[in-house]
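Asker: One structure is given below, represented as structure tokens, and several questions about it will come after.
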Amino acid sequence: QICNQHNAEAPNLEQAFHRMAQAEPNLDHDISWFLLPSYWAKMLVALISFLCFANSYDGDFVFDDSEAIINNKDLRAETPLGDLWHHDFWGSKLSSNTSHKSYRPLTVLTFRINYLFAGGFYPVGFHVVNIVLHCTISVLMVDVFSILLGGLQFSNKGRRLNLAPKTSLLAALLFAVHPVHTECVAGIVGRADLLCALFFLLSFLGYCKAFRESKEGHNFSIFWVLVSVILGAIAMLCKEQGITILGLNAVFDALVINKLNVLELIQKLLHKDKSLENAGLLRKGLLFRITLLMSGGVSILYIRWRIMGTGPPAFTEVDNPASFADSLFVRAINYNYYYSLNAWLLLCPWWLCFDWSMGCIPLIKSVGDWRIIALAALWFCLIGLICQALCSEDSHKRRILTLGLGFLIIPFLPASNLFFRVGFVIAERVIYLPSIGYCILFTYGFSLLSKQAKKKKILAVAVLGILLTNVMRCALRSSQWRSEEQLFRSALSVCPLNAKVHYNVGKNLADKGNQSAAIKYYREAVRLNPKYVHAMNNLGNILKERNELQEAEELLSLAVQIQPDFAAAWMNLGIVQNSLRRFEEAEQSYWTAIKHRKKYPDCYYNLGRLYADLNRHIDALNAWRNATVLKPEHSLAWNNMIILLDNTGNLAQAEAVGREALELIPNDHSLMFSLANVLGKSQKYKESEALFLKAIKANPNAASYHGNLAVLYHRWGNLDLAKKHYEVSLKLDPMAPGTKENYNLLRRKLEQLQKKGG
């Protein structure tokens, strides 16, 4: 809706409201709510949104943050910036069969900037950026909701008027404090959704600017339409949902700018009425602008398709079981059930979970399942809203309901499974943008209730209570996202049937050294999902460390039987077989692991240990050399090479390998220790002493370091220092092999010297 208001600057806002009321109803008129100047309204929204998530600022890297940030080589300075444009969100090549095809280079670029400014993987900076982004988005929502709820009008000086300051503030507050946003804000990986939303909103506001000036024969700016398309492309490069803003801009143009009556247009098309000009299809350049938006969208999608390749992402049944159902009926029923659960999370965001896959939501397989009621309720509400949006005689009502439904549904379409399979059942992060539509519908419903209610203040207090409850829920939920332990345990009550929840709790406990508790959760994960190979692998690892080799072998053998290309399970199976002294089987398992993962330094390291046990020294050295080629900082492989060469009398080779290793890993005290031993045997006492002392400085409580330095001094003839370090070694480890005997030899020698001296 465009008009020139000659006297509608900020001081004359009441006049602007009066003129608007003549054209259509004003939502603000009937509600009892705060009326604040625009600046203070935005400050309030920013403050409240900050308070909701402020306690997540010093949280850890949790859940997907490990893969997307810590293990993502694209964040490191040594990775060329150009690689970001050929890799997916997780750092894998888009051409790889294992790539999820999530192409978000601009989001990864912001992670990289965070990493460079912080000087490493320090999560505070990452969290602060997320909080600031959400606050910024929430502030922008004040402007967006003022347009969506109050219409688009400008003063004669081109200044946009906020014709619904109360309702736009309420809607923005609802958005800012919605608990379902916690995953996006408190989880660093949610940066993709935040950046996407930021440019999504900027694209919408840019499109609105195209209608700032109204001139004879030219009532829109092509420049701002093109800027809107570019901002939509940027949004898509942050996350795939961003492209949907182009469709929403077209819907907004048709409904608000051209006041198109959708039902009337459909009727004219069905009756082949040629008077489409009167229906508003060609009025004010609508067709031309939609053509620009469509051309831009198609071009963006084509370029993206060319970059990421034609192959679909590879997901497994546990990621999205409904999409693997043979029956079209089962797929359709379950997809719709997922939609109803997403809607419920918007209405009642109390049961939140970091992961909804792996049995969290059992499939509906028959119409006798009581959960069908949820589908019926969803479609009853949607059909009712759609009918009102199309058939209501109130044009204002039609416009708001259609925009609310558009912003609710269109951004959700990429996650709906309608066009392609997605890798999740429910993901709270994908509701970030659709919640805009929910806030529009909620606010409009509140205004209608206020209009009918006699005690408007009671209704306002109820809404205020909802806002305060959501603020507290956000604070509680963001505190749960501060650490993996809290996050994973919070999911046990929400999704007790989710094998991945039990797996993650078990993994977290295992990382903290609580193996007994970890075993319990890993067993439960395998019970809930008997094909959960990662749980089998981790459980097998713990049992192997506890020397329960028989069960460990059974679990790992089952894991590779279920997933024959599971390289880590093959390697761990090889370690167990090696421990059981079944060397040929172990060797075969190691080579199978390497076959499925060509660049596998840890497997080459374990293969080298096997060859060393079999006295196949050349093969062992070659395996360890391969490990260090693939991973130059593989300290254990370097150490084993030095020790093997030392033990076989190849001191010159051992020294060369040791020096090479220390050039690559100069601060590794275990390498200093091994090389110091070699230099001592080569009678390079001074250099050996320096390395021993450096190793002891780095790790002063290693008894063997003091013991071997004492042996060096003993050989060198520096008996007092030898005595001192023998004593330190024995104090640290009284049972240190050989140290006590050497110390006794030294004492006898010192006694003999004293007698001779006497």
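Note that Cβ sites are derived from N, Cα and C of the backbone, with glycine treated the same way.
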Asker: If TrEMBL is the reference, give me the range from 246-265, 286-305, 326-345 marked as transmembrane segment.
Answerer: 286-305
Asker: Give the nonlocal contacts of the transmembrane segment (39-57) in its own chain as ranges (CB under 8 Å, at least six residues past its ends).
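Answerer: Sequence-distant neighbours of the transmembrane segment (39-57): 124, 127-128, 130-131, 134-135, 138-139, 141-142, 165, 168-169, 172-173, 176-177, 182, 185-186, 470-471, 474-475, 478-479, 481-482.
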Asker: The repeat 'TPR' (703-736): mean pLDDT?
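Answerer: Mean model confidence (pLDDT) across the repeat 'TPR' (703-736) is 88.
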Asker: With DSSP as the yardstick, break the repeat 'TPR' (533-566) down into helix, strand and coil residue counts.
Answerer: 27 helix, 0 strand, 7 coil
Asker: Tell me, please, if the transmembrane segment (286-305) and the transmembrane segment (220-237) are in contact, taking contact as 3+ Cβ pairs under 8 Å between residues separated by 6 or more positions?
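Answerer: As far as Cβ distances go (cut-off 8 Å, pairs 6 or more apart), the transmembrane segment (286-305) and the transmembrane segment (220-237) touch.
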Asker: In the same chain, which residue numbers or ranges, 6 or more beyond the ends of the transmembrane segment (220-237), come under 8 angstroms Cβ to Cβ?
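Answerer: That would be 103-106, 195-200, 202-204, 206-207, 209-213, 243, 245-246, 249, 284-285, 289, 292-293, 296-297, 300, 304.
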Asker: Residues sitting near the repeat 'TPR' (533-566): Cβ under 8 Å, six or more positions beyond its termini, same chain?
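Answerer: That would be 499, 502-503, 506-507, 510, 515, 518-519, 522-523, 525-526, 572-573, 575-577, 579-580, 592, 596.
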Asker: List the helix, strand and coil residue totals of the domain 'DUF1736' (311-383) as derived from DSSP.
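Answerer: When I sort the residues of the domain 'DUF1736' (311-383) into the three classes, I find 36 helix, 0 strand, 37 coil.
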Asker: Report, as numbers and ranges, every residue of the chain located at least six residues beyond the repeat 'TPR' (601-634) whose Cβ falls under 8 Å of a Cβ in that stretch; write 'none' if there are none.
Answerer: 567, 571, 574-575, 578, 583, 586-587, 590-591, 593-594, 640-641, 644-645, 648, 661, 664-665
